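A quick write-up on the structure given underneath.
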Amino acid sequence: MTFDYDLFVIGAGSGGLAASKRAASYGAKVAIAENDLVGGTCVIRGCVPKKLMVYGSHFPALFEDAAGYGWQVGKAELNWEHFITSIDKEVRRLSQLHISFLEKAGVELISGRATLVDNHTVEVGERKFTADKILIAVGGRPIKPELPGMEYGITSNEIFHLKTQPKHIAIIGSGYIGTEFAGIMRGLGSQVTQITRGDKILKGFDEDIRTEIQEGMTNHGIRIIPKNVVTAIEQVPEGLKISLSGEDQEPIIADVFLVATGRVPNVDGLGLENAGVDVVDSSIEGPGYSTMNAIAVNEYSQTSQPNIYAVGDVTDRLNLTPVAIGEGRAFADSEFGNNRREFSHETIATAVFSNPQASTVGLTEAEARAKLGDDAVTIYRTRFRPMYHSFTGKQERIMMKLVVDTKTDKVLGAHMVGENAAEIIQGVAIAVKMGATKKDFDATVGIHPSSAEEFVTMR
């Protein structure tokens with residue numbers, strides 16, 4: 001049987017782009033379908049615009065810090081329209097850049113929403129295409145709980161397009177998305193209230209990270225309301241009235257309500273049932289992400305239909321952009337490059353671009369103790385005020401932590417809260433991934449004076 005394409009990719013996000021270009025480099029005839037801007041969640045409504053907002057949110061604090069170093073800085077004022085417009089322009093520039101990369105790689109871009117007709121046929125609009133192999137890389141989307149007035153809430157998709165800066169933003173959700181935007185909006189000058197079901201934010205992260213970030217956020221003026229859930233949202237003359245579950249908790253009045261309670265795989269209307277593609281049982285809990293309708297795959301990203309594959313957030317393995325890229329490239333290498341290989345999901349570094357920032361790689365203390373036993377784990381921890389703040393008058397702190405296997409001396413995890421955490425942990429992650437021991441860390445000469453040197457001087 002002959003096909004229109006060797007590979008048809010549904011979704012031009014990080015995973016789909018990486019897989020399509022890699023497959024084309026091996027000589028495969030490849031098409032990719034996208035019904036939005038090319039680039040996916042990361043480029044269009046995730047990592048990239050969010051990080052630009054993070055950068056923008058740092059300037060008020062920098063202006064304050066400058067005074068401690070003798071600089072005289074005038075009154076700072078944010079031009080919100082300029083800020084948001086600049087972010088949108090950069091997003092669109094990057095989207096066009098990815099289109100040019102596809103053209104250079106020889107991948108055909110088809111605009112429109114793709115659905116599966118059967119295991120070898122995809123329909124886009126009124127056109128049908130056949131392919132030997134199909135890759136699903138449609139990512140995920142935010143989900144809102146079903147509560148009265150939830151239509152007044154926005155998600156992380158819409159926050160990048162607010163016409164005016166909120167005076168007061170209320171955020172429901174204490175995962176990395178809600179926590180990051182709490183820091184961003186507070187840094188930009190908005191009043192921020194974050195509502196969390198548990199007693200702490202960032203469930204699943206190391207306990208010291210959770211404690212340190214929550215304390216730092218509170219010190220920065222963010223109001224965190226623990227052990228509460230939103231019960232209703234109502235539009236009132238003053239803005240949005242947000243009712244909470246706590247008996248003694250007064251309703252919150254805010255002008256913007258951000259819903260950051262989770263994401264789900266974006267498979268609605270994809271036609272999985274037409275192609276015999278199975279999904280994961282929704283009773284299985286994923287890592288901070290709903291597994292409802294996540295596509296089930298094996299170690300080679302192969303679905304229940306042997307010629308159909310899936311990568312990225314739609315599979316709910318580890319929902320990070322570099323992971324989707326790695327999965328996509330591993331798939332292409334295996335199926336078109338004569339290099340069958342798995343993508344390892346072990347020991348992957350990640351960051352929370354909150355304020356204060358956090359980054360982590362490897363096992364948390366709780367995970368290590370559960371795996372090896374309480375007596376088999378040694379913890380090294382330090383907490384200090386960085387030199388930068390010698391003149392600022394601020395009580396900012398950095399926390400660093402190593403989780404070590406007592407018997408083998410192997411470093412199982414590294415965690416950090418504080419300025420430049422992501423940049424520092426990226427380097428530390430190489431050592432942890434390679435199996436470095438605490439003795440290896442101790443034998444490394446630190447760069448002085450730096451915050452990073454504390455990772456090799458902890459005793």
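Positions of Cβ are set from backbone N, Cα and C atoms, glycine also.
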- Among ASP313, ASP442, Swiss-Prot assigns to the FAD site of SER14, GLY15, GLU34, THR41, CYS42, LYS50, ALA114, THR321, HIS448 just ASP313
- Message: Measuring Cα to Cα, how far is CYS42 (FAD binding site) from SER14 (glutathione binding site) in Å?
- Response: 7
- Task: For CYS47 (disulfide bond), list the number of other Cβ atoms lying within 10 Å of its Cβ atom.
- Result: 17
- Query: Restricting the comparison to the recorded positions SER14, CYS47, ARG329, HIS448, which residue's C-alpha is spatially nearest the C-alpha of THR321 (FAD binding site)?
  - Reply: SER14
- Query: What is the nearest of the recorded positions SER14, CYS47, ALA114 to HIS448 (active site, proton acceptor), using the Cα of each?
  - Reply: CYS47
- Message: Given a 10 Å Cβ-Cβ cut-off, pick out the one of the binding-site residues SER14, THR321 that has the most other Cβ atoms nearby.
- Response: SER14
- Item | Residues satisfying Cβ distance under 8 Å from ARG329 (glutathione binding site), sequence separation of at least 6 | ALA18, ALA19, ARG22, PHE343
